[in-house]
Each structure stands twice: as C-alpha cells, then as structure tokens.
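What follows is a set of notes on a single structure, which appears directly below.
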Amino acid sequence: MEEALASLVQAILSGLAIGCLYTLIALGYNLTYVVNGTVNMGQGQLVMIGAMLMVTFTTFLDLPFFIALILVGLILGILGILLEVISVRKFVQDKTSVNWVLSTLAVGIILQDLALFIWGPEETRLVSPVGEGMFEFLGAGIYWKELMMIPAVGVFLLLLMLFYLKSHWGLWLRATADNKVATNLNGVNSNYTVAIAFGLSALLAGLAGGLITPIYAVFASMGLSLGLKAIAVAIVAGLNNAKGIVICGLGLGIVEVLVAMYISPGFREMIVYIVVILILFIKPNGLFGTKETIKV
Amino acid sequence: MLKCSELFANYGSVAALKGISIEVQSGEIVAVIGSNGAGKTTLINSILGFVKPHKGTVIFEGQDITNIPAHKTTNLGISVVPEAREVFYSLTVKENLRMGLKKEIGKVKQQELEDRLVHLFDTFPRLKERINQQAGTLSGGEQQMLVISRALISNPKLLLLDEPSLGLAPIIVNEIFEIIKTLKKEGITIVLVEQIANKALSVADKAYVIENGKIVMSGSASELKENKDIAKAYLGV
Ligand SMILES: Nc1ncnc2c1ncn2[C@@H]1O[C@H](COP(=O)(O)OP(=O)(O)O)[C@@H](O)[C@H]1O
Ligand SMILES: [Mg+2]
C-alpha cells in the first residue's frame, strides 16, 4: 500500500517536471496564436536548437548552467523574430492563406538539417547542474534534476505573466491581439509586435530546450515529437487559453508517466493521442477554449 | 499646419479620391462634409498613411508625410477618432487610454498619467467610473467617449474626427459637439468629417463639401451655412 502510494507520488512529481516543459513550449503557440492567428510549426525544432546550444555553451564554453540557459533564451528570442520576418509575415497577408503552415514547417526542417550538420547525429546528455542525487519524499525518490524544472519553469512563467500583464510591451501585445488597426492608429507598428510575440514564443522554446538537457537525450531530430506534443496540449486546452494550457501541459506530463508506469511505456504516446482525439471530438474548441466571437 | 494637395487614391480600380486639396490652419476646426461614399474616410486614411494615395502630397507642419505609415504619423502629433471607433474591446478602459499615449507610453510617468486622466475625466466623467471595466462592456456612446479620450490623452496637435456622431443617440451627439467646442477653446486643431452638415458647420471655422471624391464647394462655415445648395443637399431642407 505504502509502496503504491510512493510510486504514485513519484510518478506525479516526474510527470509535473516534464509537464512543465510541455507547458513552456505550448505557451509559445498560444502567444503567437492570440496575436496573429498563426503558430510556428517548427517550434519543436527551436526546442532542439535550444538544447544543442545549451550543450555547446555548458560543455565547450564551460558556462554555468543558468547563465547558459538565459543566453540560449535570448539567442532563440532573436531567432524567433527572424523567423517571423522570413517565414510568417509575407505568408499571412491574405487572411485565408495557410502558407505559413508550410513555411514555418520548412524553417523547422532546415534548422533540423543544419543541426545534424553542425552537431552530428549522436545523442548527448548534459551533466545536471544539481547533481544526480535524489529527493526523498513520502518514501518516493525523484531526481533533483527533474524536480528543479518545477521552480525554474514557475519563475519563468511568473516573469512572463508580469511582462504580459504589467509592462507596456505586454499591453502592446494584448492590443495587437485585440485589434491590429487600432494598434497602428495608436502609434504602434503591429508588424513589430507580432515579431515580438514570435520572439517570446521562441524564447520559451529555447528555455524548454535548455532545461530539458539534463533529463532527456539531446539529438538533432528530437524536436518533432516535442513540438507535436506541445501543440496537442495547446489545441486540447484551447489555443487562446493560457491558463488551460498550463493545466493541460502539466496534465499531459502526469498522464504520460502514469501510462508508462501502470500500462506500458510503449503505449505512452498512443494513449495520449487517443485521448487528444477523443477530447477534440467532444469539445472542438478544446477543453478551455472559447469560440472566437465576432466583436460588435 | 496640414496641407493636402491634389490627392488621388484608388481601391483597386475604383477611384475614391480624385484630386482633393484641403488646407488646415493651426487652431482651426475644418469640416469635411459629404454623403455616404463621398470619400471622407479615404481622405482621413490618406492623411494618416493608412491608404496610400497614388498622386498628391500631404504636408504636416512642413513635413511631407504622404508615404509615412499610420503608426508613424500618429506619433507626430496626429490623433484620430476612426469611423469604426476601433476600441480595444478586451482591454480595460484604462489600458485603452494608455494605448493613446502611443510611443510615449514608456516615458509618461505614473503621476503624469494620473494628471492627464484627471484632466480627461473633467470632460468625460463617466469614464472615471468605468476605468477598470473592459471596454467591450461600455455602451456605444461611452465607447465613443473612450475613443475621443484615447485620441486626446497624448495632447495631439491635430485631431481627426471621422463621423464622431455616427450611430449615436441625439443626446450623445449633442454632447459630442459640446465637447468639440470645448476642444476648440483649448486651441486644438481639428478636422471634422461629417454627413450632418448643420451640426458640423455650427462648430467649424471652414468647410469643404466633397462629392464622389472631389471637392465641390468650400468656404467659411458661415458662408456655407447661407448657401442654398448645401442646405438642399445636406441639411435635408
Ligand atoms: N476598402 C475598400 N475597398 C474598396 N472600395 C472602398 C473601400 N473603402 C471605401 N471604398 C469605396 O471608396 C469610396 C469612398 O469611400 P469612403 O472614403 O469610405 O466614403 P465616406 O467615408 O465618405 O463614406 C466609396 O465608393 C466606397 O465604396
Ligand atoms: Mg466614412
């Protein structure tokens, strides 16, 4: 009985840890979706680039973990802005066009091939900044390196929320999401704020990629499955609902670990995607999403 | 202060402005009167840089702003109350007003913002009660007051009003014209686009009448008020 409880607690904690990362990536989709109605289909590859840069910065340049992490975030932020200019802006001028789906996917694949060329196909794993020790809790043991995700992501999300709700940059993003014409008529270039949204989105992908390095194998094609899972989280939650995405991201992490533990690791992804389809079948706008209503 | 010369603008192959010239002196209220589809909004949008005229120039305070986009012209001291209002429905009243600070938003200190709000609330007391309410929950009249305040909070030199009375109850329309009179006393320069000629002429110094993208008449407001043709066409007499 006690053992069962211990393993449940352990599963929930490691599920939360990985769920934090899904949340971070999925919020990236949310940021650009509300502002522009678009998402970066290459988001997963940005996570991979973040992870690769993290490995390079910490092992080859010997930078401390968190310094490297911030640096990775900033570099990815700039990459996200470039990505918007190159592969989104020209592709959304016609509202009904979905060319941006292909163009952002294409950039993702190009980045993946570049990473393969630069870093090779080998898997690497980073030495944990908090050691390989375990945290004992209610008889359960969880690696510190997993557990640290929770406060680290918590801090990032708090900063993001402050930025979004309190700074004038955040106001500009929310204004752009609400009404682009009005934004431009109030002296703010909406092209510029959309690019900022993509920069922020990529920054989140970079942070997730950096944070994942001590607990997951890093390799050039790791992006696709992460990107897909995160977009599943975003769509299931409702692309326009950030709170829902946090709940679903954490939920996905926990469900995955539970399925792996109690059913079979091999069924993990299959079951997750079956649930995704079921939910969308019943609630087409996602669990927490609201249908875009026409504003009068 | 503002000079539009020979503006031509098209939507695809449809000509909306066919050589419009208007001149606005500092401190004046200039009315642009015309019926639906005459080209009034296109003129405002050409001044703003929202529509690109294919011929002609817009000079504001000696600077050629013809091909400058709207997000830049609105930072030069030009504010607009658009015909479609363009309220940020999901933002609060206060956030809408902060957006009115434009690029200055980062520079205007908390105290300065409060002072400007207090000043606006003298004229728009109802916004004060609704300051933390979502703008989408306001009534049409309140939304128009919000948009006018948003245009004023940056202390603009030139205010463009595109049919501010459109779709509002008569009592609110009167209120808005009273506000325009107050603004005139404060010395702000205004271009007022209207379909209702008598209202517009009652506050304006000068007026242009436009029809089918062309100016068909212009003169001082008092002259035009006397004019029988205008009376027929726009006063419903
Ligand atoms: N976005 C647009 N696309 C095509 N035609 C337009 C557009 N906006 C206005 N027009 C046309 O241009 C002319 C002038 O319109 P507008 O400037 O809106 O007139 P007003 O503001 O005086 O009612 C009208 O014939 C109108 O149908
Ligand atoms: Mg109009």
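Every residue, even glycine, has its Cβ placed from backbone N, Cα and C.
These come from TrEMBL:
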type     : residues  : note
TRANSMEM : A:12-32   : transmembrane segment
TRANSMEM : A:44-61   : transmembrane segment
TRANSMEM : A:67-86   : transmembrane segment
TRANSMEM : A:98-119  : transmembrane segment
TRANSMEM : A:147-165 : transmembrane segment
TRANSMEM : A:192-212 : transmembrane segment
TRANSMEM : A:218-237 : transmembrane segment
TRANSMEM : A:244-264 : transmembrane segment
TRANSMEM : A:270-288 : transmembrane segment
Seg_contact(the transmembrane segment (A:44-61), the transmembrane segment (A:218-237)) with at least 3 CB pairs under 8 angstroms, min sep 6: yes
Top partner of the transmembrane segment (A:67-86) among A:98-119, A:192-212, A:218-237 - counted as Cβ pairs under 8 Å: A:192-212
Contact call for the transmembrane segment (A:244-264) against the transmembrane segment (A:12-32), three or more Cβ pairs under 8 Å: yes
For the transmembrane segment (A:218-237): best-contacting stretch of A:12-32, A:147-165, A:192-212, by Cβ pairs under 8 Å: A:12-32
